[in-house]
């Protein structure tokens, strides 16, 4: 976008999703995975929501300063924690919250620079936060409740995400860049990098659904901020970008927060597994199943008596 002068982010994202769908369609036809039907209304709403969230994030970047956009992305984690706590009754320990606070503090110190507020930009940022949080929570919830894999969900929803962005992308990009994506002069170099980005996007989209489905939306956001730290670090070491002590301190604090988050999550998961495998929990499960077993035995006894009566008749 900066070196080749191709600034059409939303339209490019729609192409990424189209290529992802085509790749998964070929993989499904070759029996690499089994297609599992999901309720069409759920898939359509889910796909549109994810597509809209990408559009709002791009609009937020277009209407706000870089610093405020970074704050928007940082706010996704606490909003996700809030939504999961209120609506899904999920509990986050104080240790987990402390580690997330250190992570956000570090990334904020390392990446947030100028903060320029405006009314339209703030509204767009709030909409971007809300749609992104709900979309990522639904990604995790749909996979677990409907027992579908990340590949199956992505295959079903990708065409709807691509469609909403393909329709709105050129309009959004033209409004933000004052350029028309269809009037752009596509050189062989630009086309080559577009194709390369589409190929890479297949792995990115697949890994996104896989990580959220196997872990949680919060863990995925933590990985996203790790990416931010790596981008800053590689930019300094490979591209010789400007780097200050503030950036170094921020990255170090963020890494400590990530390490603590990983440790606390692993510790709590092991503790939960031990509780689930304890004899007391197994006895409770057995007791809860006893009425059902007793009811089943009564039904079998009744059916046996009925069969004997029928044979006598």
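Backbone N, Cα and C atoms are what each Cβ position is placed from, and that goes for glycine too.
Automatic prediction, not curation, is the source of TrEMBL annotations.
The compositional bias 'Basic and acidic residues' annotation in TrEMBL covers 295-313.
According to TrEMBL, the feature domain 'Sugar phosphate transporter' maps to 6-262.
According to TrEMBL, the feature region 'Disordered' maps to 280-313.
Marked as transmembrane segment by TrEMBL: 12-30 (among others). Non-local neighbours of the transmembrane segment (12-30) in the same chain are 6, 51, 54, 151, 154-155, 158-159, 161-162, 165-166, 169, 194, 197-199, 201-202, 204-206; each lies 6+ residues outside the stretch with a CB under 8 Å from one of its CB atoms.
Non-local neighbours of the transmembrane segment (42-61) in the same chain are 9-10, 13, 17, 69, 72, 121, 124-125, 127-128, 131-132, 134-135, 138-139, 142, 146, 156-165, 168-169, 172, 176; each lies 6+ residues outside the stretch with a CB under 8 Å from one of its CB atoms. The transmembrane segment annotation in TrEMBL covers 42-61 (among others).
A Cβ distance under 8 Å defines the sequence-distant neighbours of the transmembrane segment (100-117), meaning residues of its chain 6+ beyond its ends; these are 64-68, 70-71, 74, 77-78, 81, 218, 222, 225, 228-229, 232, 246-247, 249-258, 260-261. The transmembrane segment feature in TrEMBL is assigned to 100-117 (among others).
Under 8 Å from some Cβ of the transmembrane segment (123-141) lie the Cβ atoms of residues 46, 49-50, 52-53, 56-57, 59-60, 63-64, 68-69, 72, 75-76, 79-80, 83-84, 88, 153, 209, 212-213, 216-217, 220-221, all in the same chain and six or more residues away from its ends. For 123-141 (among others), the entry in TrEMBL reads transmembrane segment.
Beyond the transmembrane segment (153-172), the same-chain residues lying 6 or more positions past its ends with a Cβ under 8 Å from any Cβ of the stretch are 8, 10-15, 17-18, 20-21, 24-25, 28, 33, 35, 37-38, 43-44, 46-48, 50-52, 54-55, 58-59, 139, 142-143, 180-182, 205-206, 209, 213. Feature annotation from TrEMBL assigns transmembrane segment to 153-172 (among others).
The annotation transmembrane segment is assigned in TrEMBL to 184-206 (among others). Remote same-chain residues near the transmembrane segment (184-206) are listed as 4, 6, 8, 12, 15-17, 19-20, 23, 150-151, 154, 158 (criterion: CB distance under 8 Å, separation of at least six residues from the stretch ends).
Among the features that TrEMBL reports, transmembrane segment is placed at 218-236 (among others).
Annotation source TrEMBL lists transmembrane segment at 248-264 (among others). Within the chain carrying the transmembrane segment (248-264), a Cβ under 8 angstroms from the stretch's Cβ atoms is held by residues 93, 95-96, 98-111, 219, 222, 225-226, 229, 232-233, all 6 or more beyond its ends.
Residues 73-74, 76-77, 80-81, 84, 100, 103-104, 106-107, 110-111, 136, 208, 211-212, 243, 247, 251, 254-255, 258, 261, 265 of the same chain sit 6 or more residues outside the transmembrane segment (218-236) yet have a Cβ under 8 Å from a Cβ within it. Across the domain 'Sugar phosphate transporter' (6-262), mean pLDDT in this model comes to 92.
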